[in-house]
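Reviewing the structure listed below.
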Amino acid sequence: MGILGLSKLLYDKSPNAIREQELKNFFGRRIAIDASMSIYQFIIAMKGFQDGQGLELTNEKGDVTSHLNGLFARTLRMIDEGIKPIYVFDGKPPKLKADELEMRRQKAAEAEREFEKAKDAGDDEMMEKMSKRTVRVSRDQIDESKKLLRLMGIPVIQAPSEAEAQCAELVKKGKAWAVGTEDMDALTFGSTVMLRHLNISDAKKRPIAEIHLDEVLQITGLSMGQFVDLCILLGCDYVPKVPGIGPQKAWEGIQRYGSIESFLESLDTTKHPVPADFYYKEARAFFQNPEVTPAEEINIQFSEPDEVGLIQFLVKEKLFNPDRVNKGIARLRAALTRKTQGRLDSFFTVTKVPQQTAAARAPLAGTKRPRDGKYVHVSGTLRKATSGHKKAVKK
């Protein structure tokens, strides 16, 4: 879930902290990517629906390959633009997340039931909608994704707990420039720069949102501690929401009272009963001191692609088109041997111009704002595969 409604709130309260960018603008940047989120997006993007059946991208043996197709293609696309991706995988979820995970399981089970009802009613639109809500990334898909990335020579990091927290640790310690994810809690964990919509296909023409935490804090006048409290009130993965407290009430509460403690004291609990398991202090502590591997202990290294290994895995085992794989290997080698061109901003010291506070700045009239959402669906259509892979009915 990330942080419920935070994206829209930031567009409302601190639009100047968010820049719209193209992929090519991140040339030379190391980006720590939330791997599980990316793989989920690839699976959703390549999932179709026809004649009352869910369709998945498979090879001739019937193996689902949507995660590998998406990961291979998008990683190559980033490499072509001079970006250095670092994929970070989730570890064991914290105990605070147990209720959220159980809720997700219940929602998936409910989606399965709604799918069957829609099937009986012949409602194809509802069937397709419910089918996508049941998508989960399997352990095998995670393991295969790690294998592919390592064969490509791309760094893979296993987080001890939350991937977004580990990504933020890399950014805070200078091992990466930004976190690439759809989950807004990368900012809550302290990442100084966050990129959303990084995995959207170029055909969609949706800009990448580059969000700067320091500018969010400067414009809103919030301290980092107050920002964390705001995120908890908005709704996060670790505690339930307080009933009736939406984005505007949460914003006004932190602006006026400065902390969750003081805000709760002001609440009319007959209208806003605080859940017994609203363990906000524990959630706050986790955001401020999550379980991560210290960045100093992580050796990030980009290496030569394993040509033999890639052909064995993708062509012989997964039945990818040999030409496509060989061209991909050539692109990886070209990226390593390409004469490195430094970013222009690395030659200068940049002094930031102080910005006005939100109260002093006039509202931006007529500004179009992207919709807020939990996940971004990378593609809405399935094209005929040219790599020996096809849409197959999910069994």
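Cβ atoms here come from the backbone N, Cα and C positions, even for glycine.
Record features (Swiss-Prot):
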REGION    1-108  region 'N-domain'
BINDING   Asp34, Asp90, Glu162, Glu164  Mg(2+) 1 binding site
BINDING   Arg74, Glu162, Gly235, Asp237  DNA binding site
REGION    126-257  region 'I-domain'
BINDING   Asp183, Asp185, Asp237  Mg(2+) 2 binding site
REGION    340-348  region 'Interaction with PCNA'
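Swiss-Prot feature annotations superimposed on the structure.
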{"residue": "Asp34", "record": "Mg(2+) 1 binding site", "contacts (Cβ under 8 Å, 6+ apart)": "Val88, Ala163, Glu164, Cys167, Val179, Gly180, Thr181, Glu182, Asp183, Ala186"}
{"residue": "Arg74", "record": "DNA binding site", "contacts (Cβ under 8 Å, 6+ apart)": "Ser38, Phe42, Asn199"}
{"residue": "Asp90", "record": "Mg(2+) 1 binding site", "contacts (Cβ under 8 Å, 6+ apart)": "Ala35, Ser36, Ala159, Ser161, Glu162, Ala163"}
{"residue": "Asp185", "record": "Mg(2+) 2 binding site", "contacts (Cβ under 8 Å, 6+ apart)": "Gly2, Ile3, Glu164, Cys231, Cys236, Asp237, Phe287"}
{"residue": "Gly235", "record": "DNA binding site", "contacts (Cβ under 8 Å, 6+ apart)": "Met1, Ile3, Leu4, Gly5, Lys241"}
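Highlighted in sequence order, Ser36, Met37, Val88, Ala159, Ala163, Ala165, Gln166, Cys167, Thr181, Asp183 have their Cβ within 8 Å of the centre of the Cβ atoms of Asp34, Asp90, Glu162, Glu164, the residues recorded for Mg(2+) 1, and are not part of that set. When pLDDT is averaged over the region 'I-domain' (126-257), the result is 94. Ranking the binding-site residues Glu162, Glu164, Asp183, Asp237 by other CB atoms within 10 A of the CB puts Asp237 at the bottom.
Secondary structure of the region 'I-domain' (126-257), assigned with DSSP and counted as helix (H, G, I), strand (E, B) and coil, comes to 69 helix, 15 strand, 48 coil.
Across the range of the region 'N-domain' (1-108), the DSSP-based residue counts are 55 helix, 25 strand, 28 coil. Within 8 Å of the Cβ centroid of the Mg(2+) 2 site, not counting the listed residues Asp183, Asp185, Asp237, the chain contributes Met1, Gly2, Ile3, Glu162, Glu164, Met184, Ala186, Thr188, Cys236.
If you compare every pair of Cα atoms in Arg74, Glu162, Gly235, Asp237, the residues listed for DNA, the longest distance is 31 angstrom.
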